[in-house]
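Step one of this worksheet: look at the structure below.
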Amino acid sequence: SAEYPDLRKHNNCMASNLTPAIYARLCDKATPNGWTLDQCIQTGVDNPGHPFIKTVGMVAGDEETYEVFADLFDPVIQERHNGYNPRTMKHVTDLDATKIKFGHFDERYVLSSRVRTGRSIRGLSLPPACTRAERNGLTGDLAGRYYRLSEMTEKEQQQLIDVSWCSSWPATPDPNACGTSTPWPLSPRALHNNEKTFLIWINEEDHTRVISMEKGGNMKRVFERFC
């Protein structure tokens with residue numbers, strides 16, 4: 001097994017919860033797809049974090065990662081999500097936009113509003129372990145018009161950057177460390193409505209990323225569109 005990493009100067013959730021005992025117990029294990037503990041924590045080892053901004057510091061390669069390496073993932077999830085225990089608690093989803101009160105903010109102070117979610121597709125490896133073939137297969141059953149990033153002109157890409165729909169990739173060192181930047185820009189696609197207030201990214205980082213946004217402070221309308 002590999003040696004326990006030196007995390008004394010790190011500021012991320014992985015470093016806070018990984019102990020020599022946990023590492024020794026998990027370092028020789030792997031998921032059925034071959035994803036290992038070292039691959040989980042590599043991004044957190046390579047990127048110690050900011051003194052005042054605590055990052056997660058680890059990634060999952062597939063669904064089974066959360067079970068095989070639960071001794072580390074469970075406490076990291078609890079720390080990151082304010083005590084949420086994945087073993088005893090269940091996240092509640094509420095997409096009832098009628099419950100939003102006072103959802104229009106003063107546009108002197110709010111330039112734009114956005115609601116975004118990322119989702120993974122069951123049966124496929126998660127982005128850090130996703131192969132090019134898996135990523136390219138994500139678009140086969142989707143109807144509508146979408147654009148492969150590698151086929152966009154520089155002007156089209158810049159238009160998306162100007163409205164904060166994408167950035168130069170990778171924007172931070174973390175994607176390189178955990179492997180999510182590898183397929184770029186071969187696989188990412190973007191689908192948007194004519195008003196450019198609703199966008200679906202495929203393979204930008206998550207399998208799918210759904211975004212509702214518009215200029216101004218009408219957060220309620222943005223959320224209604226998202227729902």
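Just so you know, glycine gets a Cβ as well, placed from its N, Cα and C.
All annotation found in TrEMBL is predicted automatically rather than curated by experts.
Just one of R25, R209 is listed by TrEMBL for the same ATP site as S112, S113, R114, V115, R116, and that one is R209. With all protein chains in the displayed structure included, the most crowded Cβ environment within 10 Å among the binding-site residues R114, R116, R209 is that of R209.
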